[in-house]
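Colleague: Before I ask anything, here is the structure I am working with.
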Amino acid sequence: MAGGSESPSVISGRNPVAYSTSDPLALFIIQLLIILCLCRALHIVLRRLYQPTVISEIIGGVLLGPTVLGRWKAFSENVFPKASLTNLNLVANFGLVLFLFIVGLELDPRILKRNLHRSLTISAAGIILPFGLGTAVSYALFKLLMHSDGRFSVFLLFIGVAMGITAFPVLGRILTEKNLLKTTVGMTAMSAAAIDDVVSWCLLALVIALTNNASGLTALWVFLVGAGYSLFVVFAVRPVYIWYLRRNGVLAGRDPKYSVLFVTFVIVLASAYFTDIIGIHAIFGAFIIGAIVPHDGGFAIKVTEKIEDVVQIFFLPIYFTLSGLKTNLSDLSDGTTWGLLVLVCFVAFVGKVVGCTAAARLNRYNWREALTIGFLMNCKGLVEVIVLNIGLDAGVINTKIFTMMVVMALVTTFATAPIVAWIYPPKYHKRLDDAYSVSEESAAEPGAGHPLSVLVVLSRIQQVPALMTLLGYLHHQPEAGAKAAPFANVRRRLYRPLRVFGLRLLEHSGRESAVMHSYEAALQVTSDPVMAMFRAFARVAHMAFHASLSYSDREHFVDSVLDSSQDADAEITVVSAFGRSSSSSSSSSAGDALGKRPARPVAVDADVMAPGWFESMGWGFSTEQQAAFITALFDRAKNHVCVFIDCGLADGGSDSAVPAPSSERDPPLSAGASAKGAACVSVAPDEPAAGDAPLPGVPAAHFADGRRVPTVLVPFFGGPDDRQAVRVAEDLCTHSAVRVVVWRLIRASEPTGRDVVLDEAQYPARPTIPQTPAAAEKRAEAANPWEASLEDAARAASDAAGPADDATSSTADQEERDEDEVFIATHLRPAELPGAEDALAPDPAPDASASPRLAPVASRDAAAAAAAAAAGGGGGDDEAGARGRIRHRITQKLRLGRLGSRTTYDSAGGLDDADDVAPTTTDGVRATRYPNMVVKTTVTATPLQTLLLHARALRAADLILCGRSVRVSRPYFSNAGELEAHRPAGHANTRGERKRALGTSAEYLLGFGTSASLLVIQAAPT
């Protein structure tokens, strides 16, 4: 400083909390820190009770005021001295102007038009009855607490307005948090509250005009000038302002420039100044300008996003803390005051709840819905506190009545969320009829079945390409020429037109703009870039598409998905997730898109590959949160649910190219060569190219340009989820550009001598996982540790279980196996495929006169089967006789099923009798009723490890349909025994929480690092 004097600081002895009119900044910062930290700490506690932020801010002010900490003289004189409150009040009122501007922005005229008749009726009843009861109570308050000080007419009008007002911003947040915004009850309450707000602010302007002017004539002039100014803004300012915005392109979705925001806030401040000088209040001018800001192109939301954080974090806590500082609960010191407080609270509840409930009943809402609307409209919140502060500053009420009314506002707001949750639980929610904007549907082909309705849930635009590819596999693409002939009959009989419902689910941030996003979601869906991309794809593909946009907090993500699935009447719900990308470059792009570190690049060694990862679902979930979301969705869903883990499906076509087949070696399959062949592909059944066949014994198929046809693999261990995966594969079969392989893996209870063993002792290094079957066989030449561990586990299980348990388990397992065999025979009609041999376990062709050889059966299982056969009256205990009865039982079920519904493939070379169905319980590859599907059976003691190893041959363009199989625990199709006896390589890369969510097979496929994408399926509960 001048003269060499030291600057004032704590080092030179300055008191850091001393208030100075010349330098009030230091104390202001301390006050601000105390206010913000206390309010945030209270909100962390109260949000568990579903309370809005305003509750914690008011309670924080009460704690800092004369009720609690203000009684400590040192605290009140040093931290909140009266002289410093002037600066706090100035900052708080400026923040209040900005907040009322945001409140005006939230009032979308399109909301007022929804259910206009019902909303007007409910709003009128919610104002008239509370206003009347408030005027009755006002007489007692005026005589007993105001002591007839002031004008009773103004006091009566003010109490009536305070009783009739509804907090529109707080109500919107409660509806969003309770997932009620897209219900008929929530939207009606929102519209009625918006009308209520507008009327209440007009009445409050009249009250302030009467208060600030002793003459009634002057007050009338003030009110008329305010009304004329409002009309001037609507009919003169608004058209010019909209012209300016349209000229700058912001109404077409363009982000507003600084000049646009400058003009907007200049208009806000000028309007606030005008309404203040005419004697109303500055907040009315800001509110009017906010109400005329257009919502086209999301402009109102974008303006809100520019200022809401500063207003919500800094300005509003200061304002409501000042309200708490004015609240002194010690003023409620006698029985009369407490009696009046109870009366005020009773009148507030009765007036709003009874009035709005009665109006809702007149509009044909049931009692539960009507009561919910009544309690929602009773939410007072921060708007009530603002009204009370205006009345206290204007001298309409004194501090005792102010304290009483603040307590009433706290009680009514605090009770809203719990009571609504109790009266109107989710099972009673009625969704809006227009939850989805319906586009034109593609015409169904003649003879097509009922539509396949699929709900696709996603969050980011990076998920769209892979989902398009998946839906393209499900959607029929017509083909012309002779190549289409083998598929025509299948499509005519079995094709189901696809209807896609797209749900973009975004996280609700808790901000005011997020609330605006929520109730404008139905209008934003037409301009959303993700849905626009999907819509363009559906239009080009002639696919029926319906779009929806939803905002929700993480706790209600599952509810949003289930509600949307119910609205769409979806047969299958598909939730998209990011998996490991198919290459290092795509991994980097996926990592950048997620805003995270790129995934580890894939190793270049031909024999090893880095394991795959389940990166993200697009919502910033941790691994535990992802698993919890998936588990909750699977557990609560009423329809079929799929989790689609994309590992590069959309960009996998580039690495599917192989040299074009020569005419000598791989001649194209003609349309009449075989009804079982693939019409659009060329096949080399005798000698598939090395490393190109998707599975041993399954020949590779190629397009005309040499690219390998994408393979859809369905690992079939058994059970309802695997059966549902086969059903989805049937829908894929109508798409001629995919090759479907149903791989039935039957677990042998004894080592077969050709089991695949992937031992951690042989593959200790984490990334060192065999890339090809050849590499695994080369390393497995050492002693096989599997046989001893499997035999030890079998002996331990036999010793632990009694004979009765063994017989029951064996019978149940056999029943499951029979059911799986009947299902495959009924749906796929497998038949012997000449010339196809299983490279993994070559078997001689079965003799037609001999009984089919089933999977090896342990001695205790064979005894149980014989006992069951003897009990059923069958002759003989030998194994062949038992298996012959199984075949007879399957044939009977097939014939009975055909009597009710004839769905067989009846083209040339088709199956005309159930006896022609080949069993799939022995090793081999069999054709099916679908030209592009085969059934491969492998009997092995290590089915999971067999799957893991040969899934390595799949590429990024391939897809695995994997049953979840978590809700069932049958040892027949469970891999628990295999995992208990032996840990395969890649076990360290799995995650226990994901295994509980996705199922064992899916998680081990991810941990083992397959290049193919996964579709994890759970069947609807029966």
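For all residues, glycine too, the Cβ spot is worked out from N, Cα and C.
Those TrEMBL annotations? Automatic predictions, nothing curated.
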Colleague: Region 'Disordered' per TrEMBL: which of the ranges 7-26, 427-446, 767-786 is that?
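Modeller: Feature region 'Disordered' in TrEMBL: residues 767-786.
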Colleague: Examine the ranges 508-532, 708-732, 833-857 and name the one recorded by TrEMBL as region 'Disordered'.
Modeller: 833-857
Colleague: Please determine whether the transmembrane segment (187-210) and the transmembrane segment (307-325) are in contact (criterion: at least three Cβ-Cβ distances under 8 Å, sequence separation 6 or more).
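Modeller: Not in contact, no.
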Colleague: Report yes or no: does the transmembrane segment (370-390) come within contact of the transmembrane segment (307-325), defined as 3 or more CB pairs under 8 Å with a sequence separation of 6 or more?
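Modeller: Taking Cβ pairs at least 6 residues apart, the transmembrane segment (307-325) and the transmembrane segment (370-390) are in contact, with 3 or more under 8 Å.
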Colleague: Do any residues, 6 or more residues outside the transmembrane segment (402-424), come within under 8 Å Cβ-to-Cβ of it, and if so which ones?
Modeller: 49-52, 54-55, 58-59, 145, 162, 167, 170, 174, 177-178, 180, 185, 323, 326-329, 331-332, 337, 340-341, 344-345, 348-349, 352, 368-369, 371-372, 375-376, 378-381, 384-385, 388, 391-392
Colleague: Sort out for me which stretch, of 53-70, 90-107, 119-142, 216-237, 337-358, has the most Cβ pairs below 8 angstroms to the transmembrane segment (280-300).
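Modeller: It is 90-107, which has the most Cβ pairs under 8 Å.
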Colleague: Are the transmembrane segment (119-142) and the transmembrane segment (53-70) close, by which I mean at least 3 Cβ pairs under 8 Å that are 6+ residues apart in sequence?
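Modeller: No; fewer than 3 Cβ pairs under 8 Å.
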